[in-house]
Amino acid sequence: MTPPRKLFIKTYGCQMNVYDSERMAEALGSNGYVEVGAPEEADMILLNTCHIRERAAEKIYSELGRYRELKDAKPDLKIGVAGCVAQAEGAEIMRRQPMVDLVVGPQSYHRLPEMEARAGGREKVIDTDFPEEDKFAHLVARPKAKRGPTAFLTVQEGCDKFCAFCVVPYTRGAEVSRPAARVLAEARDLVDRGVREITLLGQNVNAYHGEGPEGGDWTLARLIRELAEIDGLIRIRYTTSHPNDMDDDLIAAHGDCPVLMPYLHLPVQSGSDRILKRMNRSHTRDSYLRLIDRIRAARPDILMTSDFITGFPEETDADFRDTLNLIEQVGYGAAYSFRYSSRPGTPAAERPQVPEDVSTARLHELQALITRQQRATQDAMVGREVGVLIERAGRLPGQMAGKSDHLHAVHVQTAAAPGTLLRVRVTESGPNSLAAEAV
Ligand code: SAH
Ligand code: SF4
Ligand code: F3S
């Protein structure tokens, strides 16, 4: 028997890339690869990349530069680039870094084993097509390894919304939903392998409209209600949602579906109608605020999070004040915020840009406000009873770590094994986590 070859995968970007990297590792398993933790050991290095902001994309080239010596020492080493930079830049990657053997876009991963077999030496292989098939149907794990308590599961991919700043519709393609039966089968399989909590993924996950088992499309709410029936699946989350795709049934599910966790990431990007319009977001500040009222009416303790961009083209101080004011009004449990990054090929890249020092100063001000809200939200948990899904050993002896229903990191003194759902009382709130005792 030939010894297994070693694969090192480095993942950048969003959770969907994390999911995709797992699928690619499993697929390359059928070519005789096992995953390793260091590039120095590898026979193949695969970078799963992100194109969302300029810095994310540039990081890939500096990372590739670092592999120069490895490739010189081991000419058989195969280097591949997957993900959104692969999709956006294609052959340009090999022009800038000739040591790259393989470039594969997110919609072609099912072809990766065959591409890997061809790539290497003078053979360069590129695939950035958008085929019509469900790639995940071809990316099957064998053998079925045991899994930890939490897992991602992609149900929807791509985006048709074309926000003026965003590359995702170009790198991931049009919105596609996986058939419900495939999602249910994959979820059951994950649960059989030890998973207790599943986070459903999609670039616009709540736009899910997958084919139902008896024909007709299922909504995300329908899918969640069906997943909730799986024995052993005790927690469901989903991300990322778009405000315009939150339908009544999904809002209702937050109130009446106990396994659906009280946490919702609902990016708004800006609190100024003038900017939202220029961003092509197709919701207003007011429609967003009213939506949050309805969600909170269904599930009063839901923890809300968002994404924000500062310094979008033509953003004035008054626009930025509107964003701060919206944040004050909503009260977020956490948020991701970014300085606007001009992306080639997007409409906003052509518009008058805000000076960098201005967007940076706004970002810092916004982040300070979010940090205060995050701390306040965490502090308010002290004394409350919550569920914690134990994931791993904590740092101190006898301590275990996991996530609360509201996705706070929690430490508990307990002998409970990973995969156990504990009821705990929160005793302390630290900068990034809560301490709790079992009840
Ligand atoms: N589909 C999700 C998220 C997509 S990307 C949604 O619609 O909200 C994740 C986040 O990156 C976005 O929410 C946005 O805040 C940020 N982002 C996207 N493009 C950006 C750009 N050009 N500059 C800065 N931030 C950007
Ligand atoms: Fe990008 Fe907008 Fe689509 Fe989100 S909804 S992925 S921000 S284009
Ligand atoms: Fe990045 Fe692509 Fe995800 S651009 S954020 S890896 S969809």
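Cβ coordinates are placed from backbone N, Cα and C, and glycine is handled just like the others.
Any TrEMBL annotation is an automated prediction that lacks curation.
The following features are taken from TrEMBL:
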{"type": "DOMAIN", "residues": "5-121", "note": "domain 'MTTase N-terminal'"}
{"type": "BINDING", "residues": "C14, C50, C84", "note": "[4Fe-4S] cluster 1 binding site"}
{"type": "DOMAIN", "residues": "145-376", "note": "domain 'Radical SAM core'"}
{"type": "BINDING", "residues": "C159, C163, C166", "note": "[4Fe-4S] cluster 2 binding site"}
{"type": "DOMAIN", "residues": "379-439", "note": "domain 'TRAM'"}
For C163 ([4Fe-4S] cluster 2 binding site), nearby residues of its own chain (Cβ under 8 Å, 6 or more apart in sequence): Q269, M279, N280, R281
Output field, [4Fe-4S] cluster 2 shell: CB within 8 Å of site CB centroid, site C159, C163, C166 dropped: K161, F162, F165, V167, V168, P169, Q203
Assigned element (helix, strand, coil) containing C84 ([4Fe-4S] cluster 1 binding site), judged by DSSP: helix
Pairwise Cα distance for C84 ([4Fe-4S] cluster 1 binding site)/C166 ([4Fe-4S] cluster 2 binding site) [Å, integer]: 12
[4Fe-4S] cluster 1 site, defined by C14, C50, C84: further same-chain residues with Cβ within 8 Å of the Cβ centre: Y12, G13, M16, N17, T49, H51, I52, A56, G83, V168, T171
Residues near C159 ([4Fe-4S] cluster 2 binding site) in space but at least six apart in sequence (CB under 8 A): C166, V168, P169, R172, A174, E175, Q203, N204
The domain 'MTTase N-terminal' (5-121): DSSP-derived helix, strand, coil residue counts: 62 helix, 25 strand, 30 coil
The domain 'TRAM' (379-439), counted residue by residue under DSSP: helix, strand, coil: 1 helix, 34 strand, 26 coil
Listed binding-site residues adjacent to ligand 1, that is, members of C50, C84, C166 whose C-beta is under 6 A away: C166
Site with most surrounding Cβ atoms, counting all protein chains shown within 10 Å, from the binding-site residues C50, C84, C166: C84
